[in-house]
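To keep things clear, I will list the structure first and then write my remarks on it.
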Amino acid sequence: MAARKRASTDSSAQTKPSETTTRPKPQEPPLTDPPIAPPKSGVILKLTLFFAVPYFYLILYHYKIEHELRKSILINAALSLAGFFVTVKMIPVASRYVLRRNLFGYDINKKGTPQGTVKVPESLGIVVGIVFLVLGILFQYFNFTADSNWLVEYNAALASICFMVLLGFVDDVLDIPWRVKLLLPSFAALPLLMAYAGHTTIIIPKPLIPYVGLEVLDLGWMYKLYMGLLAVFCTNSINIHAGLNGLEVGQTVVIASAILIHNIMQIGASADSEYKMAHAFSLYLVQPLLATSLALFSYNWYPSSAFVGDTYTYFAGMTMAVAGILGHFSETLLIFFAPQVLNFLLSLPQLAGIVPCPRHRLPRFDPGTGLLTGTNDGTLVNFFLRRFGRMTEKSLCIYLLVFQAIACCFCFVLRFFLAGWYK
């Protein structure tokens, strides 16, 4: 994670209230020349083709989806595509303004090299969050009527995501302590929990039914508590599995792609209209998340010309948590988050204060060789370096994203073999 540097004020140079001095205004960066490198279009094109081809094959050909439902999915996809281009254009504009307010960071993993002295604009996840919310609001015009049963929960979902974007940006600006960060998603999830009108039951796994004596168990308020804890985990797990160019956005892109494919598979395989709508609801949130994240990824991939900040990690985690909660596939979501679960377990001794926890739990960078060396800090990033040896930042990020993809594929394989036996 980048070390943030803000403008400081020298107390000895301050004038007294009664003194009047004329100071030249600080020269602001020009608003005409973009301060960041252009987007890495080649990387995004390859990723888009890799994920879009199987996804749209499932929608248009493999599954026989009702015309109206397919139409709403494609409308949402078209809006998401427009959001991608808007985000690509807005990030350079926003970067100028965050630099003017000294919201920038230095890339610690390039310290000692010329790239390590470049001011990289930070907190640009705010652009993704704003574009996503505008797309979510506009989509209501095409899909929901005023008396729709899903409209209340949809607006509550957007409210929770908006609240999380705000709190994430506040964290970027004020640098909130960790103990407070853990609580922020709890407050952001309140609109969703208060408006949730779905079932609060869980299906008992078939092997456990003889021991429990029930096929369906109503958890009541405990189910809402579980949803709140899931939101807290998803937001913070994305935030702590970080520290490399492209890692925060990359893991979101992989998980969001898996969620989309899972939703389409469930819509195509089910005959229950309510079940289909739940997964369509999840899909309406994740399509714009994936599109806007790909736009940010084009700037954040190695070498990064934009840092996402806690604004993005909180926003992405909350959006996927909301999609899993209202799509009723929280168990599947947790398997998609398997690397984040492992990273959390490795981090737990330091997060709990049992082991000293430094501010930045990053690997050591050797400017002579350009390689990273793992430290004893409890993160998946350092674990991979200790296990597989020294490597470049780009290679390490690719390894971690491939591991993320393997975890998602494992989830699909597991669901295939357990179908009909587990539930």
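A Cβ is built for glycine as well, from the same backbone N, Cα and C atoms used for every other residue.
As given in TrEMBL:
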- 9-24: compositional bias 'Polar residues' (COMPBIAS)
- 27-37: compositional bias 'Pro residues' (COMPBIAS)
- 1-37: region 'Disordered' (REGION)
- 43-61: transmembrane segment (TRANSMEM)
- 73-94: transmembrane segment (TRANSMEM)
- 124-144: transmembrane segment (TRANSMEM)
- 151-170: transmembrane segment (TRANSMEM)
- 182-204: transmembrane segment (TRANSMEM)
- 225-244: transmembrane segment (TRANSMEM)
- 250-269: transmembrane segment (TRANSMEM)
- 281-302: transmembrane segment (TRANSMEM)
- 314-338: transmembrane segment (TRANSMEM)
- 396-418: transmembrane segment (TRANSMEM)
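The stretch in closest packing with the transmembrane segment (396-418), judged by the count of Cβ pairs under 8 Å and taken from 225-244, 250-269, 314-338, is 250-269. As a quick check, the transmembrane segment (182-204) and the transmembrane segment (124-144) miss the bar of 3 or more Cβ pairs under 8 A, pairs 6 or more apart, so the two do not touch.
Of the Cβ pairs linking the transmembrane segment (73-94) with the transmembrane segment (250-269) and spaced 6 or more residues apart, fewer than 3 are under 8 Å, so the two regions do not touch.
Residues of the same chain lying 6 or more positions beyond the ends of the transmembrane segment (250-269) and with a Cβ under 8 Å from any Cβ of it are 47, 51, 54-55, 58-59, 62-65, 69, 238, 241, 275-276, 279-280, 282-283, 286-287, 289-290, 293-294, 297, 301, 316, 320, 323-324, 327, 329, 332-333, 336-337, 339-340, 397, 400-401, 404-405, 408, 411-412.
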